[in-house]
Amino acid sequence: MYNSDCYIHSNIDISTQKNSNSKYILICDDIVENCILFKIYLEIAGYQVEIVTNGVAALAKIKSKVPDLLILDVMMPAMDGYEVARRIRHDPDLGYFPILLVTASDEADVKNNCEVIVDGVLQKPCAPNVLLSMIKIILESK
């Protein structure tokens, strides 16, 4: 599921990829602009979306409302995405839900540093249709 050839297309019509039943997606990235961009793409596609900008906030939000999918940036200050994913997977009260890691790093770096199972890895920057396709695949296999 790793795609190293992702890039932004400003003319892609993501409205054709409408989601028939609205799923709740939580986005965690310390760069607010990334969160907003992903949120726009996902809301146009019919998803319910919330954003948080750090790992601590993500864990708190998840404890109050478990998402259908967590989109999690790897490189964040204080608590990186690997640590957030590890804490989620080791918390028996949360149950299982998919995690999609988003990173500017290469696949080898993710494989070397990620000690827990995630459902996908997406290299950024990424085209909206690639993001939406990966989310659809992950949610359908849930």
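A Cβ is built for glycine as well, from the same backbone N, Cα and C atoms used for every other residue.
The domain 'Response regulatory' annotation in TrEMBL covers 24-139.
Cβ neighbours within 10 Å of Asp73 (4-aspartylphosphate), excluding its own Cβ and spanning all shown chains: 25. Taken from TrEMBL, the feature 4-aspartylphosphate applies to Asp73.
Following the DSSP three-state reduction, the secondary structure of Asp73 (4-aspartylphosphate) is strand.
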